Amino acid sequence: MITIAESHPQIHHSPPDTTAPSTPPTATIFRSRLPDIVLSNHLPLHEYLFENTLTSPSPCIISASTGRSYSFAETHLLSRKTASFLSSRCGVRRGGVVMLLLHNCPEFVFSFLGSSMLGAVTTAANPFCTPQEIKKQLLASGATVIITQSAYASKISRDDDVEDLIVVTVSDNELERHAAPPEGCVSFSEVESADEDAVPDAVGVGPEDAVAMPFSSGTTGLPKGVVLTHKSMTSSVGQIVDGENPNLHLRKGEDVLLCVLPLFHIFSLNSVLLCGLRTGAAVVIMARFEMEGMLETIQRWGVSVAAVVPPLVLALAKNPLVEKYDMGTVRMVLSGAAPLGKELEAVLKGRLPQAVLGQGYGMTEAGPVISMSPGFAKQPTPVKSGSCGTVVRNAELKVMDPETGFSLGRNQPGEICVRGPQIMKGYLNDPEATSATIDVEGWLHTGDVGYVDDDDEVFIVDRVKELIKFKGFQVPPAELEALLLGHPSIADAAVIPQNDEVAGEVPVAFVVPSKSSDLTEEIVKEFISKQVVFYKRIHRVYFIHAIPKSPSGKILRKDLRAKVASFSS
């Protein structure tokens, strides 16, 4: 069995650049507007989450599809039963790895928490991944158990590489529940008869032990296992929701959080599920996104806090179905995972005037939250449109000049770097990638271009690798995308570089027209040309039915680049 204990990433750091000046400028370090707090990051994650909520009588987890709710005590009990099942039936021990190949469901919650109780590690994957992608993550992570819905069991390889693998299947409905599991699989229903008092003693699980291993987005390279420890995850949740004036104020026994974003993505896992568990708020779980189903869920359960990504903001802002439902209970809309344009913010605020709309910013490797709007705090402060808020408490942020490596001051764009107890331990078995991401001083280099303004607010300009170079000028795609979405006949858009013999690269746009629009390439080009400097003008427009995006809402630019390359060949 490959275990994290046996294969901790060794964090090697590159030697300092001896060509740099010996006396670089004094670094400008940015911190939160909110004061630091005492973090309870010495506790194992599962103990920390239930520390103040175990006796709460209010709902903890609600299944939108079945209507069943679980109290905090029931959630804890079923998680202990799952831990017992994983140990006695599947042989999982401290340091072992469990893979979750699940759509959002209560069993995801019980499996994640149960693994933590054993001192084991979970790695989650998208059930829509191909069998080859699933096998690649399975082998890379060293998982010995996969928990999945019955419909996806056939995707799991049973060749010699994974012959000892145990596949546990979750039933999607009552009919499946009473049927035998697929051949060679174990039914998750066995959890119900497991002895919750037979959980092996997990004493010795320390803050630096791994608890989760998400695989980082493959949008800029090959996916890599990100080792997040108990300390990483308790720190990140604490930075957001703990203290007398939490950055994200969730009300115990009152708030209902919408969990429609996939739990296999760190944004939903951290900022929805774990924050809800810690604060005593209810989490209503939707198996997958469907517009009318989401609106019905918000209305039925009185959702008060909606964590979304820009594509959902776009749907909430422009889809006429929204007008059919009562959205009056929504008091906060938190957008993350990808940049949100000012124009889209304004449209949504017009539709949900009672709600506070704001952004958070993060990345998997950062644990994940780096900054969050203080407009969500118990004692809120105003935030500018387009801002990602201020850096979270108990962390530091600096902006680095990519050319010189020197720290930059306010209002100067550069690479965002973050340091704090929440960042990853490293990439699994990849010391070279780890040392390229976390420097000798503990700064995690995000690869994102941004700046901090005079009010300590963080603004993201773009990804370093996504910047378009037009005759040496830098063109940020996110800026042009935000402008395009401001056109009433454009439903969605993405901008990427296209190679050009003269300019090197030119910006080209993929546009999804609104229904029954008369949009043409010239109309789009002219619309942008009126708003930008010459080198930011759109050179080509490709009309498309949908912009390809990851489950977290990030534009899959490499897919669009492949389309452009096919047009040229």
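Note: Cβ is positioned from N, Cα and C throughout, glycine not excepted.
Listed in Swiss-Prot for this protein:
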REGION    1-24  region 'Disordered'
BINDING   216-220, His265, 337-339, 359-360, Thr364, Asp448, Arg463, Lys554  ATP binding site
REGION    290-359  region 'SBD1'
REGION    360-427  region 'SBD2'
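The binding-site residues listed here are Gly360, Lys554; among them, Gly360 has the most other Cβ atoms within 10 Å of its own Cβ. All protein chains included, Ser216 (ATP binding site) registers 20 other Cβ atoms within 10 Å of its own Cβ.
The Cβ of Ala337 (ATP binding site) has Leu261, His265, Phe267, Val309, Pro310, Ser552, Gly553, Lys554 as same-chain neighbours under 8 Å, each 6 or more residues away in sequence. Same-chain residues at least 6 positions away in sequence with a Cβ under 8 Å from that of Pro339 (ATP binding site) are, in sequence order, Pro310, Ile460, Asp462, Ala478, Ala482. Gly360 (ATP binding site) carries a strand DSSP state (E or B). Long-range C-beta contacts of Asp448 (ATP binding site), restricted to its own chain and to partners at least six residues apart, with a cutoff below 8 Å, comprise Tyr361, Met363, Glu415, Ile416, Ile460, Val461, Asp462, Arg463, Val464.
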